[in-house]
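Written out below as structure tokens is the structure these notes cover.
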Amino acid sequence: MIKKVSLMTALSVTAFSGWAQDSADSLVVTANRFEQPANTVLAPTSVVTREDIERWQSTTVLDVMRRLPGVDTAQNGGMGQASSLFVRGTNSSHVLILVDGIRLNQAGVTGSSDLSQFPISLVQRIEYIRGPRSAVYGSDAIGGVVNIITTRAKDGTTLNAGVGSHGYQNYGGSTQQTLGDNTRVTLAGDYTYTKGFDVVADGNNGGLAQTDRDGYMNKTIYGALEHAFSDQWSGFVRGFGYSNRTAYDAYYSSFTPDVLVDTRQLYSQTWDTGLRFNDGIFHSQLLSSYSHSKDYNYDPHLGRYDSTATLDEIKQYNVQWTNSVDVGHGNVGAGVDWQKQSTEPGTNYVTNDTNLRNTGVYLTALQKFGDFTLEGAARSDDNSQFGRHGTWQSSAAWEFIEGYRFIASYGTAYKAPNLGQLYGFYGNDHLNPEESKQWEGAFEGLTAGVSWRVSAYRNDVDNLIDFDSNLQQYYNVGKARIKGVEATASFDTGPLTHTVGYDYVDARNAATNELLDRRAKQQVKYQLDTQVYDFDWSLTYHYLGTRYDTDFGSYPYQKVKMGGVSLWDLAVSYPVTSHLTVRGKIANLFDKDYETVYGYETAGREYTLSGSYTF
């Protein structure tokens, strides 16, 4: 019989903070790839459910992520525009993005995943862990790991529709049904469109500003089948795909003065299948996946197959075998994962048919000894380009008073060079991985009904890959030093639920001592939720501190300072019946004018009205 929660169906997490479940009875698996009680998780971790997304009425994944501790975001305008996700001051390429535990196939050439392109309709759960995790997951996990779960929590059918500012429209539906006692089927589809707005404020892309609207359209389809062969054995097959078209502001090139490449078309499809075994203290899963993405940039008057168009095309193959066994008051896990990324001839920046292969073997362990909890992980990766690379991490927690813990951790992590840096026009196939060493200390507890956590961390990143304009090639030349403090708390006052977060991040270039671009030094985040006469209210406050960026519209390029801003969102929902719910939201309530990327406008005040029917 299919269980409501399958151990290896999807990686799930919890946290000792207000952005996550804090039940000591919850079981989680993300932190170390094995099942463990939530109160033994030593890394700072957050989880967002589908109910949270609907309460916040978020229309993009980026809007969800910006609310979480340690996260800073930057975007070249509105929905669908290019974006960056910074976790604890690290580069956007230093965050590992997983979908159902599998690496998102979007970073093969550019090196980082753009979450503005991932459809929020696919998201049923987001699980987010901060700090180094390369010893568990391999490359990219320097700043943290974001795992997007697409599996619905329960059976049912949902139809939804919404409209809003800038011509926003959304229509979708999903259903999950159990057939007999052993088979479950899920189907979903979604369509999103917005006319958008003119994103460039002053031509910071190096040319004259385009006075046009920069819209976005997405079409998504999803299907999954799960079957339990016995009480111990089960299997699944799952597939999804999406097509995105985004208009953005570009500039006329001196080489092609009659061509304006200002449209992006992304096609992505993913298929995966797996077999699970769960028998008491031993758990195992064998999983394989295939994904294929084609990312065009072109002049819409000439088409995406014109010689002036560019293409990033990546195929990705994954095989994972994970195992865990309960031992004493803890668990031991071990596994192997294999990945191959390949490009087709003609792919942007990469002129030849190339591929990268990586095989990783890892070991994890957690054990509780009285008031002490110890965990550790070690991993060895064998990469076809740069050979072997090892990482490790360890953490220890001491519950010095009941309900209060001190946690100390240290870990190493790395980021492998991407295909563009290795094999592109300016590539260097002698590049080494970027490497990180991180320390963190934290106190957490429950005081007078307030669940809180305060942590301080330092992250030294060496061998950063940068482009040398004189030599016209990529080299391992950069270094970054990041120091920060993170504090979260959650509590109730009568019918009001409060969640508060504060982030201080000092992220600097170690050679020049300059602050890294687009990272706010301070952020304050506050979430208030309540119910009044069956109306569910959600009020969000976000203070985004001053940041620095580069003005590419000047020569030579100059650093510019972007001022801080206070943003308020208000969302309300009302259950008309037990099946029908209507929702409304005002984002940027006071219509603040600000930028997260210099020279690119944000949306201003926006309104959305939506409804869902569930049966």
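Positions of Cβ are set from backbone N, Cα and C atoms, glycine also.
According to Swiss-Prot, the feature cyanocob(III)alamin binding site maps to SER84, ASN91, VAL109, THR110, ALA250, THR310, ARG518, an assignment based on sequence analysis. Feature annotation from Swiss-Prot assigns Ca(2+) 2 binding site to ASP212, ASP214, TYR248, ASP249, ASP262; the stated evidence is sequence analysis. Marked as domain 'TBDR plug' by Swiss-Prot: 37-151. The annotation domain 'TBDR beta-barrel' is assigned in Swiss-Prot to 154-615. The annotation motif 'TonB box' is assigned in Swiss-Prot to 25-32. What Swiss-Prot lists as motif 'TonB C-terminal box' is 598-615. What Swiss-Prot records for 1-20 is signal peptide, and it gives sequence analysis as the kind of evidence. Annotation source Swiss-Prot lists transmembrane segment at 157-164, 168-177, 216-226, 310-326, 329-338, 354-370, 372-382, 495-510, 536-551, 559-573, 586-597, 603-615 (among others), citing sequence analysis.
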* **Extra residues within 8 Å (Cβ to Cβ centroid of ASP212, ASP214, TYR248, ASP249, ASP262), Ca(2+) 2** => ASP198, VAL199, VAL200, GLN210, ALA247, ALA250
* Top Cα neighbour of ASP214 (Ca(2+) 2 binding site) in the set of binding-site residues SER84, ASN91, ALA250, THR310, ARG518 -> ALA250
* Which ones in the same chain are close to ASP212 (Ca(2+) 2 binding site), with CB under 8 Å and 6+ residues apart in sequence? -> ASP198, ALA247, ASP249
* Name the residues of the same chain, 6+ apart in sequence, whose Cβ is under 8 Å from the Cβ of ARG518 (cyanocob(III)alamin binding site)? -> ASP72, ALA74, SER84, PHE86, ARG547, TYR548, ASP549, THR596, VAL597
* To do: For the motif 'TonB C-terminal box' (598-615), jot down how many residues DSSP puts in helix, in strand and in coil.
  => 0 helix, 10 strand, 8 coil
* Asked: Measuring Cα to Cα, how many angstrom lie between ASP262 (Ca(2+) 2 binding site) and ASN91 (cyanocob(III)alamin binding site)?
  -> 25
* Structure fact -> Long-range CB partners for the transmembrane segment (586-597) (under 8 A, at least six residues beyond its ends), listed in sequence order, are 73-76, 201, 518, 544, 547, 549, 562-563, 565-571, 603-608
* Translate the DSSP assignment of ARG518 (cyanocob(III)alamin binding site) into the three-state scheme. => coil
* **Rounded to the nearest Å - Cα separation of THR310 (cyanocob(III)alamin binding site) and TYR248 (Ca(2+) 2 binding site)** => 15
* Structure fact -> By a 10 Å Cβ neighbour count, the lowest-scoring of the binding-site residues SER84, THR310 is THR310
* To do: Could you measure between ASN91 (cyanocob(III)alamin binding site) and TYR248 (Ca(2+) 2 binding site) for me? Cα positions, answer in whole angstrom.
  => 23
* Sorted by position, what residues of the same chain at least six away from TYR248 (Ca(2+) 2 binding site) have a C-beta under 8 A from it? -> ASN76, GLY77, GLN81, ALA82, VAL199, ASP214, ASP262, THR263, ARG264
